[in-house]
Every structure is written in structure tokens, then in C-alpha cells.
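J.: Input: one structure, supplied below.
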Amino acid sequence: MDIIEKRVQAFVRVKPTADFAQDMIKFGQDNKSIDIYLKKDAKQGVVNNRQTEWCFRLDGVLHNASQDLAYETIAAKLVSEALNGYNGTIMCYGQTGAGKTYTMTGTSTDYRHRGIIPRAIQQVLKAAAHCIDRFVTIRVSYLEIYNETLCDLLATVASGGSGDVPLAVVDCPGGVYVKGLSVHTVNREEDALNLLFEGETNRVIAEHTLNKNSSRSHCIFTIYIECNFRVLSDVKCINSKINLIDLAGSERLSKTGSEGQVLKEATYINKSLSFLEQIVIALSDPRRDHIPFRQSKLTHVLKDSLGGNCNTVLVANICGEAVHVDETLSSLRFATRMKWITTEPVVNETCDTWWMVKTLEKEISYLKRELAMHDSLVNRSLVTYDPLTEIQIADIKSQVLKYLEGSIDEIDIVNMRQVQEVFRQFKQLVSQQEQEVEARLRSKYALIDKNDFAAIAAAQKAGLVDVDGHVVGDIDGQDLGTGSAHFSSKHGGKKMKLKKSKDQGRKEGIGASSSGKDMDVFLQSKTQVITSTKDLDVKEGARSQDAANIDTQPSKLASLRDSQQLSSPPSKAVAFEQFKKECGSEINRIFKENKSILLARRKRSTAVAQRLNLMKQEMEGIKEALGAQRQERWQQGEYVDETGQIIIDEEEFLLIMKLKDLKKEYRSDYAELQDLKAEIQYCQQLVDQCRNKLVSEFEIWYNESFLIPKDVQDTLKPGGNIRPGMIPINRVLCLEQDVQDGFEQMQEATLPACPDSLSFYNAKMRAEQKHTYTRAMGSLEQMRRKPGLITATMRSKAAASLR
């Protein structure tokens, strides 16, 4: 396997602030460089050789970037490569309060502001759900390094972990792993996010001058991906992992003012970050033979991520204020050094030992059966274990055909290879029959793909297919012989059936004993809707005739509507056409008039704009001609009269007058264009209002006519201010609806973001409920241990918090 070296990618994300030092920090036009400028200190004297300008070249600079853009720039490609077997690491580094946790985790209150970890979880689980050729298993873990101590943030979650086993970093041929760390299998995005939020509540945070919620530990959220291919012949397994690292911020004690426990935590944080920078310097030097990864727990855990089999991305979070320029320079220097580190990512392929064992067991079982058959048939010829020859295969095929025709009752079987060949011949014959049936159908029918919604809509519009997917078999009492078919938008959906008259069956020349089975098998395996090509024109004529007579038969429409309400409601497209001709005719007429006026104004506006462009081009040409003549006059010498005015020739005079007329006409047309734009905007508002009115009235009419049952309509107050169609149809028809289903539908309808945010908010709600329950139980425990009486008010408050 060819190993390709790749450099670590480094990005810079600037924290948005109102006091951004624009005179000190400059960004390149390509958003890949950042320059720092400092003013020279006059107190140092005239001779001052201190450097005041720095230029850092990185892979990208994110300034005022949204969380969506940050994820697409930093993590999207790395996560997609992890699904193909490459390990990945994303690390956020910077001073305290620079936005590392916001970049990595985001906020749990707003779906749009979620960070890299929730988005990576969503991308991985979505890709796993859409994988067809492989079975993907996703697992997660959450590790915290606090004061050089390894902590499992998910230890409180029930799992099949190692229990109270102390955590330790272990080196193995496959890489570095943490022994005793609990790993949880997840199948849904909501479960993974719930684990993430659970771990976030267990992190150690504290408050100091620069940050009210400062992380006091390094945290590593790891996503493990295991892909097993569904192909039986492939026994390989692909394993990869994504390390998402939120480093604690470096602190200057003179700025944070830390004391006590916070001071001790800051000492451990700065010490581990110093060791990390030493590792980066050593890795960037090709002459170094030994890399001291074991100096700290952080560097030991990141051994694979920093210089091994991994795609690594660093995000340097910086502050833009002038007071933090020293920390900004330190972070940028670290990011520049990281870019010099090279990694060697390769696809992590392993042979599935379980699959190999099963394959060998199957082979042994096959050989045992072969020998048993050989022993039982000692009175026959010797059993051959070699592959079948072409003559033997032809003989088996001949026997299979005779067996199907009824000429023979048994097929001679000598060994297991012949049994497999017999089944293969049966399979080939079935496939040939399917192809023959398909060819016959294609010669007589038009095939419409079920997933081609445009073709299905055209067939419904033409009256060939009804709303439920049945092919219309007769029009005006005449059987057109098209049969009926059931279609579904999903593959492997409902069973499709085709009914034909006996005459058509005889014309196709299909035997009664086998044609039905062949047709049924064929129609179950094909996701298509079948209609007769000879009946298209007949159906079109019948439909046009019905449309012509629809205004003269209102009683028939009413009866049709009643019958449809009793059986199944029509599609909204068909009902909408009916509504525009009946109750909504006046609104539809106004809508069409406004739309025609709008189209006329737009057409006029386009013509005026084109004329303005032509006039502008003509004026530009005249200006160029005048400029050329003035240049020529200046070279040849200008003529002046007695008063000192310049004398011009007749051609130049005509050009000047023409330019003046064009400017006047241009102003007039431009004013007309502005008026047309105002009229178009007003007409567009009228059209939108009419369209919304037409749609809302149609919804009310459709609910009244087809959806609400007759008994429910009778229970409504007649002659009141509330019409049946004005009641939300989900309130009328969901009397027997499950409460949980109704709650989920309400969430999908009322969530502030897209439906994909449902898992995010559900996980957040579960985490908050568990956190509230834990606090309430802790309060009750304190009440029990506290000496004295517990009042009824205290008990009621605790019980309310539990509810």
C-alpha cells in the first residue's frame, strides 16, 4: 500500500468582538494569511531592533464566520474521509476565552449555533443510514484530562464498560488507546447527542477574569466507525476514528488573577500545553530521532494524532483585542509550527476474523457432505471433485429442461457441484422468462417509472392513473383493457397485479399455467406503472369531453363529490381544478387578470430596459467619436473667433446635438422604467395576495367537501361563525391518535429550525430532565441528612422539581 505524507492543516478563527484592533491585525485578500503590526515603543530609545511586524501563512482565516461555514471549511472533508477508513483529528488551541469550546461544541440552546461535534455526529450517522453496500457501527467515548488525571465523562451512563477500572494510556501495534474508557454504541443521532450533553454536564469549569465559564480540563470526544461490507465474498473490515479535541486555554496569571484551586488548575493546563508545544517542535524537526510523547497524559493520548496514521486539523482560536496581542502571536506561532508536521494517513483495513472462521467452517461442512455422499453412492461411478466441464454442464441443462417439460421425473445427481449447477440453471431459466415477459410488455405497453413523479403526474392529468395508483380500466362504461396496477414510491413496496381479459392472454401466446406466475414475479420485481399505448388518445379525448361538459352538469359534480367523500378523496391537484371552476371561479378570475397585468408590465419593463441599453451603447460610441475629433483638433491646432471661442466643424456639432437628444430621451425612458418597477412591485403583491387567498379558500373547501366525515360535520354548530373547513383538520381527525405521535408531530411543526433539529432538541430536553432530576434528588438527600424538621413547603418544592 502506497503511503502518502500529508501536512497538518491549520486554520485561524477570530473571536467576534466590538474592540477589534483593525490597525494591528490585517487579513489577506485570499483569507489565508494574517499580518500583525505593532507600534515601536518610544521608551526603548532610538536604537530599537525589536520585531514589530509578523506575517503568518495558514490554510484559512475565519473572521465573522458562521458555524455552518466553519464546519464546512474545517471538518466536513475530514469526516467524509473518516467514513472511508482514514483516522481524523480536529484540535482547538488558543488562549482562554477565545472561543474554543464554542467552535468545538457550540451552544446547546440554539440548533443553528451547534459546533463541530454535533455536526460531525449528524454527518456520520446520516452517511451510515444511507450506506447500502456496508453495515456501519458507530460508537462514541468522552475523555477528560483534569490535572493530569484521566476521567471518563460518560462513566455515569450505564454501559458494558470496565466499571471501576482505573484509566490508563496503553500503546499497542494498532495505536494508542485508553484502557478502561467506556465506549457506547449509538444508532441514532439523538442517542449520540444525549451522550454528548451528558458529558458536557460532567466537565469541570470555573470562573475567572477573562471567562465566566472557563474549561479547566482538556476534553477528547471520539467517534469510532466500523464498516463491514455486506458482500459475502469480502471479509475485510474498515475501522476509523475521529478525535475531536477541546484543549483548555492557556492563561497568564497576571491577567486572569487566579487563586486557590483555579490557580492549581491553571498550572497543570499551562504545563501540559508547554509539553504539547515541545512535541510539535520536535516533530517539525526532521533531525530529531526521539519524540517525548510520554511527558504528559495529553501528549501520550495524542501520539497517533500528531505524527501517525491520521488526518490532523488544528484550529487556532484568537482574540482580536489589542490587549491580547501577545497571546495571539503565541497561538499563531503554534499554528505555523503545526503546519510543518507531516502525517501518513492510510485506510485502516483489517480482516474480519469471525467471518474467516465462518467461511472455513462452511468449507469443512461442504467437504464432509461431499465425502458422505461419495460413501453412500459406492455402487455408482467414482465421485470427481474437479469443477464441471462444459459437456457436464450442457448435460445438466438438458436434464433440467426435460424435467420442466415432464419428460423425466428425476435429475441424476452425483455430487454437490451438480446440485449447485442445477440451481444455477433454474435461476437462468427464470431470468430468461422474466426478460421475455418484459420484452412482450414493452412491445405493447408504455412503462412509467414509479420514481418519475413528473410522468406519474402527467398520467394522472391525462386520466390514465387515479390517485391511488390504479390504472383506469374503463371510461364511459367501455373497457379499454388496460388492467390495473398498484404503485408505490418506494422500491420493494406493495405487490403489483395486472388483470387482463382472456382474449388478450391468448393474443400474447402465454400459457395459462405459467403466464400468471411469470407476470406476477415480473411485476413484483419491477417498480413501474403499466399503461397501454393504444389507449392514450382515447383517454385524452374522453377527458377533454368531460372537461367541456363539466359546467353544464353541476348535479353530477355534487354527486361525484359525495361519492368521493364516502370512498376516498381525490388528489388535491384534481380537486383544485374543480374548485377553480366552481366556488373559486371569481377569485381565480381576479388572480388571472392581475397576473396578466403583471406579465404585461414586466414585458414593457424588459423592452424599456433593452432600449436604454441600446441608447447607452450609442451614447458611448458618440462620446468616443467626439473624443477622437477633439484629439485630432488638438493635434492640428484649434481655431478661435474674435471673441476667443473655439470653432468646431459641422460633423462635431451634429454629434454634440445628437448626444444631447439621446441624453434627454434616456432620462425620459429611465423615469418610465422606475415607474414600471414600482407598478410591477405593486402588481406582484396583488398576485401574491390573490394566490394566498385562492389556496386558503381551497383548503377550507377541500376539508369541508372530502376530509371531514358526515357525522363530525353534523356535530358542528350550524349557522355559526366557525365553518368546518376553518377548524384545523388535524384537530378533527386525530381523536384516536396516539399521544406520543401527536407530540412528535407538534415538535416537527413548531421547531424553530429544520426538521433535522428534532434529534438535537430531544437530546437537549432529555439531558435537562436528567440534570433536573439529579439536582432534585440531591436536594432531597440533603434534607434527609440535615437535622431538624422538613416543612411541607420544602417537600412540595422538591416534588415539583422532580415533576
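Numbering starts at 1 and runs along the chain as displayed.
Cβ coordinates come from backbone N, Cα and C, glycine included.
Where the annotation comes from TrEMBL, it is an automatic prediction and has not been curated.
Predicted, not measured: the structure shown is a model, and the values here were computed from it.
Straight out of TrEMBL:
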- GLY94, GLN95, THR96, GLY97, ALA98, GLY99, LYS100, THR101: ATP binding site (BINDING)
- 656-693: coiled coil (COILED)
- 488-500: compositional bias 'Basic residues' (COMPBIAS)
- 546-569: compositional bias 'Polar residues' (COMPBIAS)
- 7-341: domain 'Kinesin motor' (DOMAIN)
- 483-517: region 'Disordered' (REGION)
- 536-569: region 'Disordered' (REGION)
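Describe the structural context of these features.
T.: Of all Cβ atoms in the shown protein chains, 25 besides its own fall within 10 Å of the Cβ of THR101 (ATP binding site).
Listed as Cβ neighbours of the coiled coil (656-693) (distance under 8 Å, sequence separation of 6 or more from its ends, same chain) are residues 587, 590-591, 594-595, 597-598, 601-602, 604-605, 608-609, 611-612, 615-616, 618-619, 622-623, 626, 648.
Averaged across the domain 'Kinesin motor' (7-341), pLDDT for the predicted model comes to 85.
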J.: Taking the Cβ of GLY94 (ATP binding site) as the reference point, list residues of the same chain whose Cβ is under 8 angstroms away and which are at least six residues distant in sequence.
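T.: The list for GLY94 (ATP binding site) reads LYS100, LEU247, GLY249, SER250, ALA316, ASN317, ILE318, GLU327, SER331, given in order along the sequence.
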J.: Which has the fewest other CB atoms in a 10 Å radius around its CB: GLN95, GLY97, the listed binding-site residues?
T.: GLY97
